[in-house]
Amino acid sequence: MAFAGVLNDADITKALDECKGADSFDYKKFFKTCGLAGKSADDVKKAFAIIDQDKSGFIEEDELKLFLQNFSGGARALTDGETKVFLKAGDSDGDGKIGADGMCRDTRWTFLCLNKCTTFCDFLSLSTLQSSLLW
């Protein structure tokens with residue numbers, strides 16, 4: 001698997017099983033279940049590099065649609081609705097993509113105050129914080 005050494009295979013399988021059905025993907029729940037939420041900035045950067053298939057430094061909508069397939073080749077594509085919700089959550093400037101540049105460190109308290117994500121790494125940090133508050 002592409003995430004070997006970063007995530008546990010059993011956690012990935014469980015996360016994928018939880019969102020097999022169309023319109024059942026919840027990025028916060030997925031990040032928590034697969035173990036990506038709460039990972040170090042370095043691990044998050046590795047995950048970003050895997051998901052950024054064209055190595056543009058951004059995760060565009062077409063790459064996000066195939067997000068689950070980065071975890072398992074046989075996973076389904078996200079529906080258009082799931083993709084748009086996911087993109088909206090991570091796209092801080094409205095350009096239709098999620099950036100990798102900028103801060104990529106554990107700044108959960110900053111995001112709690114600002115409630116804004118500027119990069120994919122920040123997005124994961126905020127998702128981790130929200131998950132810990134909600135669960």
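Here the Cβ of each residue, glycine as well, is placed from N, Cα and C on the backbone.
Here the structure is a predicted model, which means the values were calculated and not measured.
Sequence annotations record features per position, and here TrEMBL assigns domain 'EF-hand' to 39-74.
Taken from TrEMBL, the feature Ca(2+) 1 binding site covers ASP52, ASP54, SER56, PHE58, GLU63. When other Cβ atoms within 10 Å of the Cβ of GLU63 (Ca(2+) 1 binding site) are tallied across all protein chains shown, the result is 19.
Residues or ranges marked as Ca(2+) 2 binding site by TrEMBL: ASP91, ASP93, ASP95, LYS97. Taking Cβ-Cβ distances under 8 Å and a sequence gap of 6 or more within the same chain, ASP95 (Ca(2+) 2 binding site) has no neighbours at all.
Listed in chain order, the residues near the Ca(2+) 2 site other than ASP91, ASP93, ASP95, LYS97 are PHE58, SER92, GLY94, GLY96, ILE98, GLY99, each with its Cβ within 8 Å of the site Cβ centroid.
Secondary structure counts, DSSP: the domain 'EF-hand' (39-74) has 20 helix, 3 strand, 13 coil. Residues ILE51, GLN53, LYS55, GLY57, ILE59, GLU60, LYS97 surround the recorded Ca(2+) 1 site, their Cβ atoms falling within 8 Å of the Cβ centroid of ASP52, ASP54, SER56, PHE58, GLU63, which are themselves excluded.
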